[in-house]
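Lifted from Swiss-Prot, the feature list:
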type	residues	note
ACT_SITE	His179	active site, proton acceptor
BINDING	Phe16, Val17, Asp38, Lys43, Tyr69, Gly83, Ala84, Ser105, Ala122, Thr123, Asn124, Ser147	NAD(+) binding site
BINDING	Gln86, Arg92, Asn124, Pro125, Val126, Asp127, Asp152, Thr153, Ala154, Arg155, Thr233	substrate binding site
BINDING	Arg157, Gln169, Asn170, Val171, His172	beta-D-fructose 1,6-bisphosphate binding site
MOD_RES	Tyr224	phosphotyrosine
Amino acid sequence: MKNNGGARVVVIGAGFVGASYVFALMNQGIADEIVLIDANESKAIGDAMDFNHGKVFAPKPVDIWHGDYDDCRDADLVVICAGANQKPGETRLDLVDKNIAIFRSIVESVMASGFQGLFLVATNPVDILTYATWKFSGLPHERVIGSGTILDTARFRFLLGEYFSVAPQNVHAYIIGEHGDTELPVWSQAYIGVMPIRKLVESKGEEAQKDLERIFVNVRDAAYQIIEKKGATYYGIAMGLARVTRAILHNENAILTVSAYLDGLYGERDVYIGVPAVINRNGIREVIEIELNDDEKNRFHHSAATLKSVLARAFTR
């Protein structure tokens, strides 16, 4: 039973991402109960102790404890951060074989508890593992969400804000597709306030166009740069996960770029991929189909084809 009748989030995987996510939840007052599950039980116990010692500084009361899969029964949201990490030189897709086996065990254990909530997947390759979570869980696809390109979009908005000297909150631009090497920027629908970005740089010549391309490359390759410097990325994605969690638990109907299931939109079917979607307490209310130009359409189809190729290999063995 729930301790206080409030919103319960179960976090599976108390590594860098999982612990940073719990820290973000706690500091933003998003959840009422947070349960930590990790294969290394000692780590989960230690983290729960550490977080509880900081409860006096939190903006609202929160119950935090280390638990097991039985705690998923009454959870509103299970967030999966567990799995093998990306090493220097590895792509996110290199992690498929290692992590699908881990996910089958995790998801089946969660469902055996009687879980009836939503899944949020953070582990890479996130689009593939969100699809795997959906398959293994048997839940409707709208109740299984991946972090998708939420962090890529945040990086994009940050770098564009720096370039144009405006707050990133006033940059309206999206990265869609695979959370990985085939992702793409939607320049045709990118705005600073109400001004199209392409129009803003028109008069600045070819060098400004090259600047925009460099910004995208820095977005796409950011994880590689961070991993090379400090071994892993976790703060940015933790804050992105907290944002999705708030949209779910507070029933916000917020539009966020998550990994969502496509069943005809964007001309694609049977794939989870990063697209803008409306998120509320029921999960993905709807996917928003952006009007893409021909080049963007081709790049998006290439990204989807890359993911489908990996899925075909992973699920036919």
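Just so you know, glycine gets a Cβ as well, placed from its N, Cα and C.
Among the listed recorded positions, namely Arg157, His172, His179, the Cβ with the most fellow Cβ atoms inside 10 Å is that of His179. Within 10 Å of Phe16 (NAD(+) binding site), as judged by C-alpha distances, no binding-site residues are found among Gln86, Val126, Ala154, Arg157, Gln169, His172.
Among the listed binding-site residues, namely Asp38, Asp152, the Cβ with the most fellow Cβ atoms inside 10 Å is that of Asp152. Taking CA atoms as the reference points, Asn124 (NAD(+) binding site) and Gln86 (substrate binding site) are 8 Å apart. Long-range Cβ neighbours of Tyr69 (NAD(+) binding site) (same chain, at least 6 residues apart, Cβ-Cβ under 8 Å): Ile37, Ser109, Val110, Ala112, Ser113. Fewest other C-beta atoms within 10 angstroms, among the binding-site residues Gln86, Asn124, Asn170, Thr233, are seen around Asn170. The residue listed as 'active site, proton acceptor' carries neither a helix nor a strand DSSP state and counts as coil. Closest to His172 (beta-D-fructose 1,6-bisphosphate binding site) by Cα-Cα distance, out of the recorded positions Ala84, Val126, His179, is His179. If you compare every pair of Cα atoms in Arg157, Gln169, Asn170, Val171, His172, the residues listed for beta-D-fructose 1,6-bisphosphate, the longest distance is 8 angstrom. DSSP assigns Asn124 (NAD(+) binding site) to coil in the three-state reduction, outside any helix or strand. Within 8 Å of the centroid of the Cβ atoms of Arg157, Gln169, Asn170, Val171, His172, where the record puts beta-D-fructose 1,6-bisphosphate, the same chain has further Cβ atoms from Leu160, Gly161, Val166, Ala167, Pro168, Ala173, Ile192. Around the Cβ of Val171 (beta-D-fructose 1,6-bisphosphate binding site), a 10 Å sphere holds 23 further Cβ atoms from the protein chains shown.
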